[in-house]
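Worksheet: the structure to be examined is printed underneath.
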Amino acid sequence: MPSKASVAIVGSGNISTDLLYKLLRSDWLEPRWMVGIDPQSEGLARARKLGLETTHEGVDWLLAQSDKPDLVFEATSAYVHKAAAPKYAAAGIRAIDLTPAAVGPAVVPPANLREHLDAPNVNMITCGGQATIPIVYAVSRAVADLGGVPYAEIVASVASVSAGPGTRANIDEFTKTTSKGVETIGGARRGKAIIILNPADPPMIMRDTIFCAIPEDADRDAIAASIHEVVAQVQTYVPGYRLLNEPQFDEPSINSGGQAVVTTFVEVEGAGDYLPPYAGNLDIMTAAATKVGEEIAMQTLAVSGGKR
């Protein structure tokens, strides 16, 4: 087996800790460092017990080391990542950004990962985007010859307890960023995103509804087949991602603006590595980030013949 790409995790919170467990299972990535700013962080303590080198002295400590990582996964804040990104680039370190910073292109693995494998910095968009944009992409490609998807709307419902203060403070940014991704990555000419923080107790797992307007004469079997194919692709890195039922097709109506519509319902159950299974919205972010990192590492190691 070729050598693994070395990895640093910047951030020591819940998402970083869940990401750590996924990276430890990878055949292509070797997590060696976790960087935080709180010496009492549970994430840093767990990482130390698992054999990683840890620090609470921040990114500058990492960059001062003689041995530097091939990849950095950052799960801090947009402000922190925007400041750190130029430093990573100057050091020749590829960055996978789990913050809203969007320094580099947004990546949703089934839709556009291959396009950005050489990018020095990639962004994981939003949890709602990772869960729903693959479906919009699946529908868009199935009707591309008929003019594509004129409008797509996604509704992401997540357990309220899984949404931290950062998510709550940035709901508007979430909807704006996800809506843009529905268009630029999913392929819809116009997109809209809605997020619901579900207060149910016990917490409900993430559930998403995806509405796509389609040409009235579109091949519905082809659309359904495309959706199933993309769902299977997502399941390779998020086993808890699944359709709740078959795609539902509706004829043009006043409510749909005179357009035919396909509606897809999905749910996302987390793997329970560190975060609880109901936090599928967070799990899909760490799983997708791991997938992106593995694909980058595979390409890099193949080019270098397994030598770093």
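Heads up, the Cβ atoms here are built off N, Cα and C, so glycines get one too.
For Asn170 (NAD(+) binding site), the count of additional Cβ atoms within 10 Å of its Cβ stands at 16 [all protein chains shown]. Here Swiss-Prot flags Ser12, Gly13, Asn14, Ile15, Ser162, Ala163, Gly164, Pro165, Gly166, Thr167, Arg168, Ala169, Asn170, Asn281 as NAD(+) binding site, drawing on sequence analysis.
Marked as active site, acyl-thioester intermediate by Swiss-Prot: Cys127. The 10 Å shell around the Cβ of Cys127 (active site, acyl-thioester intermediate) contains 29 further Cβ atoms across the protein chains shown.
The separation of Cys127 (active site, acyl-thioester intermediate) from Asn170 (NAD(+) binding site), Cα to Cα, is 13 Å. When other Cβ atoms within 10 Å of the Cβ of Ser162 (NAD(+) binding site) are tallied across all protein chains shown, the result is 24.
Calculated from their C-alpha atoms, the gap between Gly164 (NAD(+) binding site) and Cys127 (active site, acyl-thioester intermediate) amounts to 13 Å. Neighbour density for Asn14 (NAD(+) binding site): within 10 A of its CB lie 18 other CB atoms from the protein chains shown.
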